[in-house]
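According to TrEMBL, the features are:
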{"type": "COMPBIAS", "residues": "27-44", "note": "compositional bias 'Polar residues'"}
{"type": "DOMAIN", "residues": "112-253", "note": "domain 'Yip1'"}
{"type": "REGION", "residues": "23-51", "note": "region 'Disordered'"}
{"type": "TRANSMEM", "residues": "151-171", "note": "transmembrane segment"}
{"type": "TRANSMEM", "residues": "183-203", "note": "transmembrane segment"}
{"type": "TRANSMEM", "residues": "209-227", "note": "transmembrane segment"}
{"type": "TRANSMEM", "residues": "239-256", "note": "transmembrane segment"}
Amino acid sequence: MSNFEQLHFDFYQSNYTIDDQEEGCNSYGSNENFSGSIKSQTGEQPPAGAFAPSDMLLSSKSYTGQILQPTYSPDTLSHLGYADGFDEEPPLLEELGINFEHIWQKTLTVLNPMKPADGSIMNETDLTGPIIFCLALGATLLMAGKVHFGYVYGMSAIGCLVMHALLNLMSDLGVSHGCVASVLGYCLLPMLILSSSAVIFSLQGIPGILLALFIIGWCSLSASKIFTSALAMEGQQLLIAYPCALLYGLFALLTVF
């Protein structure tokens, strides 16, 4: 048994003593005191939001809003400023250059040749009315058995170019192609009366020719009145009415024959 006790004693034998344990405890306490002295000297505290996002750490203002009623800062409102911009934007038709009030005023000016024209309204590149009137003229001619859409568009384009060159030579103020096309297109409205009459009865006779001459004079008088008011060409209305009468005479020939 002595050998077994000797073996048991040798197996659990260790060099660790109580003095080493006390020394370790003293060293651990000294380390805590050392770290505590460093923290007391620097005055640093462990960050409370160590796991918070960087955006929250950068902001120094605390959140004061409620759950369903957040508080907006001036910076947040600056980012949301685009929401008020939609209310200040003009309507879509106005952005496209379509103003029904101006279209109605121009139509009334053309229908009443004796009415003075507003130069500020007439000096616009509004092509909504002219396109509608050209389509209506082609449609009424089609109802009369005449397919002349190409002739209507071709003569309109050539007439606008010729009148643009002529007006720039006669007037000190420059005029754009869109303004010339707009005025000539709006003044095509009385020609719809002639083309609509061709659907009901034939114009190849004295009544039809007289009606065509009346419509030509109506269109040319309205166009010359608008050009003189928009371009400040007083005293030159007859000079402008002559080429306008030639242009609208071509449309009348398409309608009668």
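Even glycines carry a Cβ here, placed using N, Cα and C.
In TrEMBL, annotation is done automatically, which means it is predicted and not curated.
Across the domain 'Yip1' (112-253), the prediction's mean pLDDT works out to 89. For the domain 'Yip1' (112-253), residue counts in helix, strand and coil come to 106 helix, 0 strand, 36 coil, using DSSP.
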